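Asks: This structure is in structure tokens; I'll ask about it shortly.
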Amino acid sequence: FITKAIPIVLAALSAVNGAKILEAGPHAETIPNKYIVVMKKDVSDEAFSTHTTWLSQNLNRRLMRRSGSSKAMAGMQNKYSLGGIFRAYSGEFDDAMIKDISNHDDVDYIEPDFVVRTSTNGTNLTRQENVPSWGLARVGSKQAGGTTYYYDSSAGKGVTAYVIDTGIDIEHEDFGGRAKWGKNFVDQRDEDCNGHGTHVAGTVGGTKYGLAKSVSLVAVKVLDCDGSGSNSGVIRGMEWAMREASGGGNGTAKAAGKSVMNMSLGGPRSQASNDAARAISEAGIFMAVAAGNENMDAQHSSPASEPSVCTVAASTEDDGKAEFSNYGAVVDVYAPGKDITSLKPGGSTDTLSGTSMASPHVCGLGAYLIGLGKQGGPGLCDTIKQMANEAIQRPGEGTTGKLIY
């Protein structure tokens, strides 16, 4: 998160004999006439295909009947299928069409699409002296104030990290050729024109600035030059990354277990976003997610509120809770997130603050541990919590004081 996550409560509006239509809270930046439609868990691929055929036919009939003054809706624009347990589609629909969709037996719930933003406000052991970011030294030390990062030479080798963000400057020399472009779901610019994603990726796996110095990095661009994008676009990026991490869509558990994902972004609480994240976790992929920067309970943000992901709050250099960091029972661990120095597009560096900077410390640590032979997947978050120190002073009501180590 860059500055604030939007507090939201999803309230179900009644749809007569139909699916729930979830209403965004008053501060959500909803996108007019854009919706995410989620199918019931027992809907098969065949039934899903039949449903989308019905949808197209219904839309065509409405198009033929519409008046010349009414705006034509684009209809279905994206389809999602994550792990066989989350099937959905998104698109542009008018109120009458949404009512028809909500009354279809296959539909579980519908929620408005909205804007999502970045979350910025930062063995054979090798010694890295005088580290360029205090976060590296803190992860490698039991006490605050260190300047050295100790790491095993494996350093995440053989592991792939998917950075779902604003893109990555894959030519930055600190990546040493280990970063590559994956997929762009937001614009026509296959570059990081914002800088957030490059900074995050640098903490995950930069040669000088990262925790997992040998990890492979993949850019999944879902946020634009302003650091924003749609929730439906983010879910498309999540779906693509899951397929790639699972062996190019072949669903191999071995490939999934050697992959990690980082999501230093978020928005209002979204059942669709949480369900997509849970599908990724159930596919055996470790996910680190920023808790958000509104100094409120992270249960109101997504995907931070999804229990199966590893939700990360931000700490300061003196082991305090960063003043902006979200908190609450959904937070799994704290990680350095205030004044974190990492990479900037064009070959330079930048210092940023936010739970966006904390989450990649956990993602990088996850990749590092998998490289050492630890079991991947969502259970890796429990391993990280067991290794963590109870170090955070005044972590927030009902919040763990554990800081990664």
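Each residue, glycine too, has its Cβ placed from N, Cα and C.
Straight out of Swiss-Prot:
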- D165: active site, charge relay system (ACT_SITE)
- H196: active site, charge relay system (ACT_SITE)
- S356: active site, charge relay system (ACT_SITE)
- 34-118: domain 'Inhibitor I9' (DOMAIN)
- 133-405: domain 'Peptidase S8' (DOMAIN)
- N121: N-linked glycosylation site (CARBOHYD)
- N124: N-linked glycosylation site (CARBOHYD)
- N250: N-linked glycosylation site (CARBOHYD)
- N262: N-linked glycosylation site (CARBOHYD)
- 1-18: signal peptide (SIGNAL)
Asks: Among the recorded positions N262, S356, which residue has the fewest other Cβ atoms within 10 Å of its own Cβ?
Replies: N262
Asks: Output the one of D165, H196 that, of all these active-site residues, has the highest number of other Cβ atoms within 10 Å of its Cβ.
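Replies: Counting Cβ neighbours within 10 Å, the top one is D165.
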Asks: Return only the integer: C-alpha distance in Å from D165 (active site, charge relay system) to H196 (active site, charge relay system).
Replies: 7
Asks: What is the three-state DSSP composition of the domain 'Inhibitor I9' (34-118), stated as helix, strand and coil residue counts?
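Replies: Per-class counts: 29 helix, 33 strand, 23 coil.
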Asks: Please report the Cα separation of H196 (active site, charge relay system) and S356 (active site, charge relay system) in Å, rounded to an integer.
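Replies: With the alpha carbons as reference points, the distance is 8 Å.
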Asks: From the Cα of N262 (N-linked glycosylation site) across to the Cα of S356 (active site, charge relay system), what is the distance in angstrom?
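Replies: Computed Cα spacing between S356 (active site, charge relay system) and N262 (N-linked glycosylation site) is 9 Å.
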Asks: Find the average pLDDT over the domain 'Peptidase S8' (133-405) in the predicted model and report it.
Replies: 92
